[in-house]
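Going by Swiss-Prot, these are the annotated features:
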DOMAIN    7-156  domain 'Ferritin-like diiron'
BINDING   Glu54, Glu57, Glu58, Glu61, Glu64  Fe cation binding site
Amino acid sequence: MTSQIRQNYSTEVEAAVNRLVNLHLRASYTYLSLGFFFDRDDVALEGVGHFFRELAEEKREGAERLLEFQNDRGGRALFQDVQKPSQDEWGKTQEAMEAALAMEKNLNQALLDLHALGSARTDPHLCDFLESHYLDKEVKLIKKMGNHLTNLRRVAGPQPAQTGAPQGSLGEYLFERLTLKHD
């Protein structure tokens, strides 16, 4: 059934919004995996877990905001399968943060591509929506993750030969306590 409210909303933009919803849901799913991995009793980095669980919530809310936009414009939400996270065991905080940063850069590129498509299709409402709700937030999150990675690399220092304890454990613990503390 065709929407009676649809105006200046191309099918290409509609499809791209649906793909972006899926990317947000996949990011949320991945952040849930990360959050609960770091909160396990054998990992016990609650601040890191909390950081990733908050991101899971933000990405889910971002997906819902896109779905509301789709309905407001007369588009149709077409749900796709959400791909499971690439792994179940995430290793050290630095490795997890690197994976999260790569995912955010991919998400940011998808937002930029959608903005460019909106500009090409002369859809100022879409461009304003993305600028108001996503683009600046995404850049700030990428910067924050980059800062966290810099600090994680700094506290990890040079990796000596294995001495029985996992490498970088003290630095990882200090990063979690001093940077991501919550409570």
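From the backbone N, Cα and C atoms, a Cβ is placed for every residue, glycine too.
What you see is a predicted model, and the numbers here were worked out from it, not measured in a lab.
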The domain 'Ferritin-like diiron' (7-156), counted residue by residue under DSSP: helix, strand, coil: 116 helix, 0 strand, 34 coil
Residues close to Fe cation site centre defined by Glu54, Glu57, Glu58, Glu61, Glu64, Cβ within 8 Å: Ser28, Leu55, Ala56, Lys59, Arg60, Gly62
Winner by Cβ contact number (other Cβ atoms within 10 Å) across the binding-site residues Glu57, Glu58: Glu58
CB within-chain contacts under 8 A for Glu54 (Fe cation binding site), separation at least 6: none
Surrounding CB atoms that lie within 10 Å of the CB of Glu61 (Fe cation binding site), all protein chains: 13
